[in-house]
Amino acid sequence: MADSKEIKRVLLSPLFDNNPIALQILGVCSALAVTTKLETALVMTLAVTLVTAFSSFFISLIRNHIPNSVRIIVQMVIIASLVIVVDQVLRAYAYEISKQLSVFVGLIITNCIVMGRAEAYAMKSPPIESFMDGIGNGLGYGVILVLVGFVRELVGSGKLFGVTVLETVQNGGWYLPNGLFLLAPSAFFIIGLLIWGLRTLKPAQIEKE
């Protein structure tokens with residue numbers, strides 16, 4: 001029987017209290033690369049959440065039958081299989097977004113969040129809790145991606161989901177887009193500000209010297 005308190009903890013804790021990007025500093029590379037648009041940030045969130053949740057679930061199901069010496073290989077095979085499925089579904093039903101995400105869908109295989117949850121939680125916990133832990137960490141990753149994508153697309157182009165929100169001067173409006181926000185380094189600064197804001201609200205997250 002699944003423990004409801006544990007499910008609630010693993011589902012909600014990664015959102016802010018133990019965010020994989022803001023606190024654990026995992027999955028930063030893809031956060032820089034796929035957040036120029038809110039649409040790609042949301043699709044990447046969905047892809048990572050599905051892969052993390054189902055890989056944790058399947059790994060937890062067979063955890064007692066995996067020899068310790070090959071556990072990382074088994075985890076990688078399961079994760080890679082799920083990533084291939086997600087990649088093929090995106091190519092079939094969202095080809096343009098798949099092209100924009102480029103190699104970063106494939107690189108979910110090596111995402112530290114996915115591997116980390118498989119090794120640290122799924123190998124020691126029941127399947128339902130592991131599945132919910134995967135969803136929680138995927139959503140925690142997604143919260144940062146969506147916030148960064150929102151700021152970068154709006155400030156960088158005056159659009160959200162490709163729809164004009166702030167009329168630019170090129171089209172007779174008042175807004176002058178800041179192209180710097182469409183470059184990867186801008187995501188570093190936005191993530192840094194989010195980490196600062198989160199640790200200001202939650203001082204317990206500040207590392208002790």
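Placement of Cβ uses the backbone N, Cα and C atoms for every residue, glycine included.
What Swiss-Prot says about this one:
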- 42-62: transmembrane segment (TRANSMEM)
- 66-86: transmembrane segment (TRANSMEM)
- 103-123: transmembrane segment (TRANSMEM)
- 131-151: transmembrane segment (TRANSMEM)
- 178-198: transmembrane segment (TRANSMEM)
Note: vs the transmembrane segment (42-62), the recorded stretch with the largest number of Cβ pairs under 8 Å from 103-123, 131-151, 178-198 is 131-151
Long-range CB partners for the transmembrane segment (131-151) (under 8 A, at least six residues beyond its ends), listed in sequence order, are 7, 10-16, 18-22, 27, 31, 34-38, 40-42, 44-46, 48-57, 60, 113, 117, 121-122, 125, 160, 181, 187, 190-191, 194
